[in-house]
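Visitor: Just lifted these from TrEMBL, have a look:
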DOMAIN    10-214  domain 'Cytidylate kinase'
BINDING   GLY14, PRO15, SER16, SER17, SER18, GLY19, LYS20, GLY21, SER22  ATP binding site
Amino acid sequence: MFKNRNNFIITIDGPSSSGKGSLAREIAKFFNFKYLDTGKLYRIIATKFINNNLHITPNLSIDLNTKQKIFTLLEDNNNSSHYNNEHIGKIASILATNKIIRSALLPIQREFAYSSSNGAVLDGRDTSSVICPDANVKIFITAYASIRAKRRFKELQSSTKEMYKSVLHHLLQRDIRDYHRSIAPLKCVENALYLNTSHMSKELVFLETIKKIKTFL
């Protein structure tokens, strides 16, 4: 891919609410690497679709303008909870199955990873299999659907059983789209570190992952 690169790349993939985002941010902070949430790119585009009343069609095309604009949007909204609502997530998941959008975002994601002088951490659903197949460390993080739904339910700060059932339903629907889409489906690549965090604390997950990464440095 980029045989002459000197930077260190870590990729973290996993299903919705598996904890990949918080883990990726902590790892990037620990090693002072740049961090990219690839899923947020799709959420940004999903927001544009919603705000502009656009419809997803087979002949969909999208003007990403410049890659700088994408990264500016990421930086400006890095800590915004606006992109985390269920509706935007659903649209983003559908957009992620679109070949045109994926093809447009792929070079932007790769340039971010391979041009980061020190190192980069990317999380998403195809960072190990498609975006950076030659990453130094590949991680796949998951948890039982019921556990992930409870985590998401807690994030939404809701307390009704009906809401939990709705969260679980949407999560399972998203899992189906992610694992079975024809383009870049979510999967654990052969040489990835596999972590089921259903019964692990965030602290333990972080420590186990750092220990693994250090063996590659």
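Cβ atoms are placed via backbone N, Cα and C, with glycine included.
The shown structure was predicted, so the numbers you read here are calculated from the model rather than taken from an experiment.
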Visitor: With an 8 Å cut-off on Cβ-Cβ distance and a minimum sequence separation of at least 6, pull the same-chain contacts of LYS20 (ATP binding site), or say none.
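Guide: Listed in sequence order: ILE12, ASP13, GLY14, ASP123, GLY124, ILE139, ILE141.
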Visitor: Is it possible to get the count of other C-beta atoms within 10 angstroms of the C-beta of GLY14 (ATP binding site)?
Guide: 27
Visitor: So, three-state DSSP: helix, strand or coil for SER16 (ATP binding site)?
Guide: coil
Visitor: Does SER22 (ATP binding site) have same-chain partners at least 6 apart in sequence with Cβ under 8 Å from its own Cβ, and which are they?
Guide: LYS202
Visitor: Return the residues near SER18 (ATP binding site) by Cβ distance under 8 Å, restricted to its own chain and a separation of at least 6 in sequence.
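Guide: In sequence order, the residues whose Cβ lies under 8 Å from that of SER18 (ATP binding site) (at least 6 apart) are ILE141, THR142, ALA143, ARG148, THR197.
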Visitor: Can you list, in sequence order, the residues of the same chain other than GLY14, PRO15, SER16, SER17, SER18, GLY19, LYS20, GLY21, SER22 whose CB lies within 8 Å of the CB centroid of the ATP site?
Guide: LEU23, ASP123, ILE141, THR142, ALA143, ARG148
Visitor: So what's the mean pLDDT when you look at the domain 'Cytidylate kinase' (10-214)?
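Guide: Mean per-residue confidence for the domain 'Cytidylate kinase' (10-214): 86 out of 100.
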